[in-house]
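Comments concern the structure below.
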């Protein structure tokens with residue numbers, strides 16, 4: 001088996017039985033905020049696109065690159081389709097001309113039979129509202145000699161099926177770096193922002209190392225990030241200095257952490273690097289550049305590399321911005337009322353979970369999303385808000401023009417906004433913004449309405465707690481860490497006060513906990 005990095009979470013997996021192109025992203029995403037790092041625009045995308053199978057893990061725009069898929073990927077390729085609760089991924093791929101779909105069942109091994117041989121594959125589908133745009137997934141591929149687990153940026157909660165269905169995993173590709181807007185966009189004191197950033201930077205790497213320990217693969221490829229920020233107003237987000245609060249550490253930083261914790265087998269790959277495996281044996285690792293130049297991209301030459309990359313991509317960035325809607329136009333109150341109020345009326349669990357009005361400051365306009373009243377309105381004089389966003393009007397007008405069903409997958413991941421809040425993170429609020437269609441909101445609201453099993457118990461540091469995390473049902477025997485009277489689930493970094501089970505991260509999500 002040959003595994004070639006095509007950038008970010010993208011890989012070409014080549015076997016005697018056929019090739020699988022995974023998450024081929026090259027064009028800037030999220031209002032031209034994110035670019036692949038290192039640069040992958042020089043790869044031969046026409047050749048890469050002549051694949052037998054296509055796997056797109058989910059619809060986030062750093063995985064689903066519609067322009068690249070349309071222009072370069074063989075439309076007769078068989079699409080390996082995750083078992084998602086809504087059909088959006090299949091629908092979007094069909095719009096691009098793909099017509100051959102292999103529908104998988106969540107966490108079930110399937111055999112792909114082709115003219116050149118057979119492959120065993122399994123797609124672990126994640127279906128919680130917090131998983132991607134209503135769906136994220138991870139892919140296992142076995143060719144009879146070698147088994148690869150491409151986890152990209154998915155966060156599976158139960159990996160026992162890997163060993164039961166495939167035995168030993170030979171190579172594991174996974175995310176370890178940041179892919180979020182927190183804490184950078186929030187209005188808070190610099191000292192607090194630095195503390196939260198440093199905490200997040202470390203927790204996301206701790207989570208990745210826990211996954212590595214669980215999977216137990218011989219070889220590990222850190223991937224699926226970080227992105228590169230080339231717009232002048234966003235360049236400070238790159239981890240090209242020595243800021244311990246930067247949430248976007250690169251592969252070299254994580255490989256050092258792996259080694260420091262006794263985890264060997266980490267492989268550094270850049271776009272165009274190819275690793276050849278036979279079972280647990282790494283036959284070769286070839287890079288498009290000498291090894292010392294590859295490492296320098298992440299170390300001594302990183303700032304200069306990003307500066308040169310920004311110069312090369314300046315025309316691309318300008319062309320992207322030219323495609324945005326104009327900032328000026330008709331008042332936005334009525335278009336936003338037309339968009340949001342029907343969704344509010346279908347989502348009692350989510351609106352009640354949000355629990356308060358939210359302010360949208362869009363240029364000169366202030367618009368209130370009054371979730372308790374299921375209404376979009378103007379503010380009341382001297383009204384104060386627990387949560388608010390300041391978003392440039394051209395971004396809002398663009399997503400309205402394009403009928404975007406997901407503001408997380410467009411505006412929020414761009415980091416081109418400001419936010420403020422009183423109290424903790426509100427998961428229901430961001431879920432609302434990613435569910436702006438009837439199908440999505442119906443699924444998400446129903447998901448929150450279901451009762452989750454908390455009957456099984458474990459003991460951690462002298463506390464008896466429910467085994468499954470109240471947030472997304474992670475196994476707390478694997479992801480739970482107790483410090484004093486605080487439990488942290490490292491899957492998403494949520495915390496609970498063990499004295500009374502109160503969630504310290506968001507409303508609701510009560511934990512059952514006691515001293516035995």
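For all residues, glycine too, the Cβ spot is worked out from N, Cα and C.
On a predicted model such as this, the values are computed, not experimentally measured, just so you know.
For 429-516, the entry in Swiss-Prot reads domain 'Rieske', with the evidence type sequence analysis. Here Swiss-Prot flags 469, 471, 489, 492 as [2Fe-2S] cluster binding site, drawing on sequence analysis.
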Fewest other Cβ within 10 angstroms of its own Cβ, chosen from the binding-site residues 489, 492: 492
DSSP helix/strand/coil residue counts for the domain 'Rieske' (429-516): 21 helix, 26 strand, 41 coil
PLDDT averaged over the residues of the domain 'Rieske' (429-516): 87
